[in-house]
Amino acid sequence: QDELEFSMGPESETAVTEFILEGFPELDPNTQLLFSWVLLLMYLTTVMGNATIIFLVCVDRHLQTPMYFFISNLAFLEIWFTSSTSIKLFVMLSSGQNALSLSSYFAQNYFYFALGCTEFILLVIISFDHYVAICQPLLYAAIMKPQLCVHLVVAAWVLGFALLSYQLLFLTELSFCGSKIPHFLCDNSPLFKLSRSDTSLLWNTDSVFLSCVVLGSLCLTLAFYICILSCVLDLPAASGRKKALTMCSSHLITLSLASGSCIALYTCPAEDVSLRTNRIVALLNTVLYPFLNPFIYSLRNKSVILALNKSIARARAKL
């Protein structure tokens with residue numbers, strides 16, 4: 001029997017050349033089609049909103065500050081993050097083309113987690129920027145120099161993509177006993193359950209690493225905001241307190257959305273997370289959160305609205 005299992009090993013490995021993402025099989029075709037068009041509308045709104053933020057930061061000198069430099073980088077990341085998942089989901093729901101080659105699956109998996117890790121680092125950087133602006137206003141210009149801002153952003157991108165490279169190396173070494181993935185994106189949990197290799201090390205490494213990223217960034221951000229809150233309460237003018245709290249509230253809303261969904265998915269042992277729960281919460285993380293982010297962060301900000309109105313007025317004048 002051992003000899004038979006050994007002889008079947010190579011055949012089983014070479015038999016799996018692609019994965020089938022099942023998506024949402026419980027939905028009827030008409031509902032899936034409607035869902036796909038809602039998803040497309042949300043995706044286009046997300047891309048246009050984030051692209052608008054990047055454009056305004058580039059053309060309006062009043063927005064060329066460290067805070068909006070970091071926010072524009074976050075907007076750029078969101079475009080790629082939502083594109084890495086939403087485009088395939090739209091195609092899958094609208095046309096039923098749900099097959100992915102192994103290399104495509106691993107690529108989406110890598111970018112999904114690498115971009116997510118980079119985003120958490122950027123959120124910590126933004127909270128640090130808010131801390132310096134509110135708690136050390138006289139030293140803000142001296143601390144948040146353009147060179148430091150660039151270095152912080154580059155470090156976030158390099159760390160996010162470098163730290164997740166281990167996962168890509170491990171995934172390519174796995175062998176699989178099936179091709180159907182009960183999910184709409186290239187997540188780890190259903191992939192590990194499909195593997196015929198020993199994935200206990202990957203389960204544990206994934207759980208520890210992602211917990212450190214999510215909880216570590218959350219703790220650092222909350223530490224900065226506790227300091228900010230103590231400083232805000234000491235401000236003599238009520239208008240100053242309101243302005244400071246308004247500036248930080250959007251970041252806290254964004255952080256709660258991002259951290260909440262990831263904590264639900266990745267900070268407990270992956271075997272204990274049902275695939276149905278994983279799929280539903282992942283929708284919040286990959287579709288709803290990127291859709292709300294431009295509005296939460298910038299498009300309701302008075303400075304951004306003023307810059308947008310100026311850009312529209314200039315465009316009309318040229319016409």
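FYI, residue positions are counted from 1 along the chain as it appears here.
Note that Cβ sites are derived from N, Cα and C of the backbone, with glycine treated the same way.
Per TrEMBL, the features are:
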type: DOMAIN; residues: 49-297; note: domain 'G-protein coupled receptors family 1 profile'
type: TRANSMEM; residues: 34-57; note: transmembrane segment
type: TRANSMEM; residues: 69-90; note: transmembrane segment
type: TRANSMEM; residues: 110-128; note: transmembrane segment
type: TRANSMEM; residues: 148-169; note: transmembrane segment
type: TRANSMEM; residues: 208-232; note: transmembrane segment
type: TRANSMEM; residues: 244-267; note: transmembrane segment
type: TRANSMEM; residues: 279-299; note: transmembrane segment
Worksheet item: Against which stretches of its own chain does the transmembrane segment (148-169) lie, if we need a Cβ under 8 Å and a gap of at least six residues from its ends?
Response: 66, 69-70, 73, 106, 109-110, 113-119, 121-122, 125, 188, 202, 205-206, 209, 213
Worksheet item: For the domain 'G-protein coupled receptors family 1 profile' (49-297), what is the mean per-residue pLDDT, to the nearest integer?
Response: 84
Response to the item:
Near the transmembrane segment (34-57) in space but 6 or more residues beyond its ends, with Cβ under 8 Å, are 24, 27, 63-64, 68-69, 71-72, 75-76, 78-79, 82-83, 86-87, 89-90, 93-94, 287-288, 290-291, 293-295, 297-299, 304, 307-308, 311
